[in-house]
Amino acid sequence: MALSKVKLNDTLNKDQLLSSSKYTIQRSTGDNIDTPNYDVQKHLNKLCGMLLITEDANHKFTGLIGMLYAMSRLGREDTIKILKDAGYHVKANGVDITTYRQDINGKEMKFEVLTLSSLTSEIQVNIEIESRKSYKKLLKEMGEVAPEYRHDSPDCGMIILCIAALVITKLAAGDRSGLTAVIRRANNVLKNEIKRYKGLIPKDIANSFYEVFEKHPHLIDVFVHFGIAQSSTRGGSRVEGIFAGLFMNAYGSGQVMLRWGVLAKSVKNIMLGHASVQAEMEQVVEVYEYAQKLGGEAGFYHILNNPKASLLSLTQFPNFSSVVLGNAAGLGIMGEYRGTPRNQDLYDAAKAYAEQLKENGVINYSVLDLTAEELEAIKHQLNPKEDDVEL
């Protein structure tokens with residue numbers, strides 16, 4: 001698709017139409033939604049930790065538990081507000097800790113469980129029982145279990161949410177094609193944590209988050225706001241720092257990118273879907289200004305439904321002008337700019353980034369659905385080596 005066929009005016013007209021609507025809709029989150037408060041945060045963190053210490057853990061419910069932990073960090077009131085602001089009709093279920101009795105091998109045992117509508121007491125107890133087996137094995141191996149290997153280490157919940165941060169912007173693909181990239185990145189950035197916990201299996205945890213976000217789209221809104229709040233909070237643990245880096249890179253710079261309002265998906269990394277044959281910086285400035293008008297998360301929620309309208313502005317994030325606009329500029333290598341840029345700083349940032357991409361030679365063209373002419377033009381412009389171009 002040549003860029004000349006994508007008219008910015010088309011997007012502006014749609015924006016005017018949408019802005020003129022006098023009505024709103026209410027979406028349903030289902031019968032009840034669990035909204036844990038700060039007081040159960042420690043228990044949810046421990047539940048995450050139990051999954052992490054369990055060898056060959058079943059991660060079917062890990063995504064859900066991770067999201068409940070994220071909500072407990074936001075707090076009940078803010079979680080409900082986020083959902084209502086996103087147009088959801090919320091029937092909130094308060095979450096408390098209660099005692100649950102279960103017969104195990106003829107002996108009645110007591111367990112502390114949460115009053116969750118989304119996760120039965122039996123499932124919570126089973127998670128604890130399985131984790132105890134692994135903990136006993138760990139005791140035999142280590143003699144004494146160091147704090148960072150225990151299920152109640154304070155960073156357990158955030159370790160799991162690091163994988164959610166990798167999954168979140170892959171959702172625009174509409175399938176799980178980004179799973180391989182998520183696993184590779186998780187294995188790299190969480191390598192120390194993987195050494196600590198045998199149950200930290202990126203593939204299984206990522207699939208669990210995919211499942212949760214696909215079945216409960218309202219949790220996407222919650223997670224995005226949680227990610228922004230968490231990343232903007234100073235201090236915190238090493239894992240919180242990793243989370244902020246992953247979230248801001250994935251959401252701020254984008255593994256789902258601008259291509260003049262047409263969606264381009266990442267197969268490799270942020271240096272990808274920006275091979276545009278007819279890019280001109282005048283259009284980049286227009287796109288940038290329009291994106292500023294739309295605001296922080298504009299477009300993110302609508303990518304699946306309306307790619308052209310989703311400029312994925314992300315102007316609140318520090319990497320926006322240097323990264324996203326470099327991408328939107330078609331690398332600034334695909335076409336020459338004729339005339340004086342209206343925004344010299346913007347032009348320089350995009351140009352510098354484009355040159356860096358060209359020099360590194362790691363652009364992936366396979367995701368762009370290019371015509372034969374466009375592909376030929378790219379080859380002519382970049383003179384890439386055969387291995388640098390994925391077709």
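The backbone N, Cα and C atoms fix where each Cβ goes, and this holds for glycine too.
Here is what Swiss-Prot records for this protein:
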type	residues	note
MOD_RES	Y38	phosphotyrosine
REGION	31-252	region 'Interaction with the phosphoprotein'
REGION	244-290	region 'Interaction with the phosphoprotein'
REGION	338-364	region 'Interaction with the phosphoprotein'
Neighbourhood of Y38 (phosphotyrosine), C-beta criterion under 8 angstroms, separation at least six: S72, R73, G75
Three-state secondary structure, which DSSP defines for Y38 (phosphotyrosine): helix
